[in-house]
Amino acid sequence: MNMEEEVGGEGRAHLVMEGTLTARDRVGVQDFVLLENYTSEAAFIENLRRRFKENLIYTYIGSVLVSVNPYKELEIYSKAHMERYRGVSFYEISPHIYAVSDNTYRALRTERKDQCILISGESGAGKTEASKKILQYYSATCPISDNMSTLRDRLLQSTPVLEAFGNAKTLRNDNSSRFGKYMDVQFDFRGAPIGGHILNYLLENTRVVHQNHGERNFHIFYQLLEGGDQDLLSKLGLERNALKYHYLVKGCCPRVSSINDKNDWRTVTKALAVIGFRDEEDLFNIIASVLHLGNIQFGEGQDEQTEITTETQHNYLSKLLGVDGVALKDALTHKKLTAKGEEVSMISPLSFEQAVAARDALAKAVYGRTFTWLVAQINKSLAFKGSSSVIGLLDIYGFEVFQHNSFEQFCINYCNEKLQQLFIELTLKSEQEDYEAEGISWEPVKYFDNKIICDLVEEKHKGFIAILDEECLRPGESNDISFLEKLEDTLGGHAHFVTHKLANGKTRKTVGREEFRLIHYAGEVNYSVSGFLDKNNDLLYRNLKEVLCQSDSQILRECFQREEVTDQKRPETAATQFKNSLAKLMEILMCKEPSYVRCIKPNDAKQPGRFDEALVRHQVKYLGLMENLRVRRAGFAYRRHYQAFLQRYKCLCPGTWPNWHGKLADGVATLVQHLGYKPEEYKLGKTKIFIRFPKTLFTTEDMMIFGSVVALSLQTSWRGYRERSKYQRIRNAGNDMSAWRGMKSRRRARCRRHAANVVRKFIKGFIYRHYERCPENEYFLDHQRFSFLMTLVRNMPKTVLDKSWPVPPPSLIEVLLTMEQKVVASHIFKDQKESYPHSVPRLFVASRLSRQYGVPVTKYDRRGYKARPRQLLLTSSFAVLVAEAKLKQRIDYTALRSISVSSLSDGFMVLHVPSEDNKQKSDVVLQCDHVIEAVTKLACMLNRRGLGQGTMGFRSGDWDGHGKTLIMWSVNHFYVDFEVCFGSLSYWNIQLHPSLGFKQSGFYLIYTGT
């Protein structure tokens, strides 16, 4: 096999993880397993600090990603970065949340096994942001399904809704998740997201009624007050002032500079619409009811019984909850006593303290169950029924240690114990499977097994939770102190349980009298027993449940079902519910291949660039990162596939450079022997090489740096030559392309100029269309004539006598008259006069002198034949000869007897006038350069006067009696027909004499072509 072909087949230059080892002194190593002193916590934290200073917030511990919150925006989450990590092997590129996302997705597609990503860390470490980045990566890089757009929007928009109802400002984080969340993203066989499902764990209900100083209630309360419009607030009976509500003032922190509640309200309402909520009004009523419930005050009545003193708040509360006001009032101030499963008729009034506790319990129950209902509604919008593959995202609280730790911290730390147990089990299992698959003997790893702590908490009958439930359920007076005593009696000899009473003298000083200490895998934590029983119990009285079961609110009826009231079985305690849900979560995670993201916050002030070493050390300890690293380094620190190892280091051995053509395992063996690896430093598996010590890898990498100097010089020269040649080719091609583009541009410019000129001539011709033919309008007139004739061809009359002709444009009317005159000239002079053929192509003009037709002539006297220049003018009724603006002779058309013209090429014509008329002179002899035009015009004038109806006609005769032909036009009874042909289009002028029986005369166009 050609190793070069195998590695380079994708055509992509991989930036392998070891490529950054050259900068390890400045930015540290990007995988903690390469730390030389891997057992040193100081070395671990120093490596984190170096990378954090260089804005390298991600580091690996094998396959585990450690993320440090930078508290600022980094340019590493763009679409280009997503594409950079898409389809790339986990170790081929620098650590990133996208690398974990892509590796998990590819494992889902290739191995066909469900995956999960476990994200943990302290509040403010960036867990929620990490889960958002993972969802964004999948939405941007996965194939698109039919409902991908809707599903993507709903998945992404579920986050602001859950943050509004489940997040709050704490001392450590302005947007702290106060619940655990596990989300399944479902994929079809093509790898496209098609659905989702969310599980929520342990919402911090106590925050509804109490907040520590400097903290806030859940975001949704402040968003409603700040962002809701005035009409909505008036309808809900609220004022835009958080300080007026008892449940919002305990933390003395109504506003936070980093939070814009008004904008967040708009985001939440928009997200609810995208997800498809239809009960927004009902939901907002419940949120407002919790605020009114906090303002319910109690006092003593006349009979010294507790009663509600704030009637206005009570009226709003009953209206918003949709319950009967009297029934609600009684349920808040009384309780029903039950015995042996039967209801006793006696109603017991509540004391002031009990009434306040019942009010708070109702607020916590209403809000907590509404949150669970909200998650269920989101699940309905994301639901997909059918087979699918799943990637799970677990965003859950990390190990918590405060100055005052209570029931919530106990549950959170118990959850982390279970996750640590799962992590160690799956990590060791994965390591062992990897060793066995490669044929390398497995060496048992010593580690702290925290199963002993998990059993301490959850063991039946004698575990911590069993004792807590027993104390809550036993008859008689029970309190937190009696619970602590019961713990001491039952768990007193356990190595991981200590109280003030059980501790030795030195330890006793650090444990309070009302505290107990559990020694977790991550360290020791003191818990105060104060409030344990109350928080574990379901303190919501049955009669309050009965009232809410009858609510008009659809949401409350779903949250408080009637079966819960009729069931006489005592409900599970909070601790038992949490233990059961955690067991189900472990079952879900055990059947999936896990990936891990450990989030760390660098400082409590949320300042970018600040690295608090003590705080980071605290988190490294409680996240179990050192234990994780120790397990990962128990065998070999570094492992890589033969292909990747040989591709990177083949240049260090002459036997493997430039290509290895044999088996990959043989190539790696040849390489490591040349490098001088000792047998105890490495092992060769079936497909991977295992290197035990990071120092061995660093030495190899340093050899790469030295050898790369020569290689770099050669590469620089070769690349320079190659790029110069490439540049020359590109430049020559560019010149050719420039010449071609120039020619095309010039051609387009000529076409545009021609088009512009045509348009310009057309517009100018249109403006001058009513003028005589001139250069400005000749193009327009020609186009007009052509268009008319083409229209005429397509719309010929059906019969010869049909007069429905299209109206010609003005320019063609003149042509028609000219054509008429040409036809008349043809009838008179064709084959009769020599000069006639030369006159045919010349157009007759309207006039050669003035508006009426006029032409210069030479008049010859009959006596002496003296030539006299004259102008012949034709009017509608007579013709005149003019000389120097003086009328010399007038010839009436009625007096004109005939016209004589010779058949030769001369221009003579004789107008015959009767000599017996005293008013007229005798015949007039004229010489004219345009004799055919003049005679034709005169004939047309006479024809318009109607003189052709019975007196004038044409004849041939002798001019001088010596055989020369004379053309004569004289008065006679006749009709004239003539034809002029233009291709297949004939133009006929038919003069019809009344004596022939016709009624009409006119011009006809007859199409005679095919």
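Glycine residues also receive a Cβ, built from the backbone N, Cα and C atoms like all the rest.
According to TrEMBL, the feature region 'Actin-binding' maps to residues 582-604, out of the candidate ranges 375-397, 582-604, 697-719. Among residues of the same chain six or more beyond the region 'Actin-binding' (582-604), those with a C-beta under 8 A of the stretch's C-beta atoms are 48, 52, 63-71, 97, 100, 103-104, 107, 111, 113-122, 124-127, 130, 172, 182, 199, 201, 390, 392, 394, 398, 414-415, 418, 422-423, 426, 610-612, 615-616, 619-620, 623, 625. Around ALA125 (ATP binding site), the C-beta neighbours below 8 angstroms that are at least 6 residues distant in the chain are SER67, ASN69, GLY398, CYS599, ILE600, LYS601, GLN619. Counted within 10 Å of its Cβ, the other Cβ atoms near LYS127 (ATP binding site) come to 27, all protein chains included. Report note: the ATP site is defined by GLY121, GLU122, SER123, GLY124, ALA125, GLY126, LYS127, THR128, and the residues of the same chain whose CB lies within 8 Å of the CB centroid of those residues, excluding them, are ASN69, ASN173, SER176, SER177, GLY398, CYS599, LYS601. All protein chains shown were included, and the count of other CB atoms within 10 Å of the CB of THR128 (ATP binding site) stands at 22.
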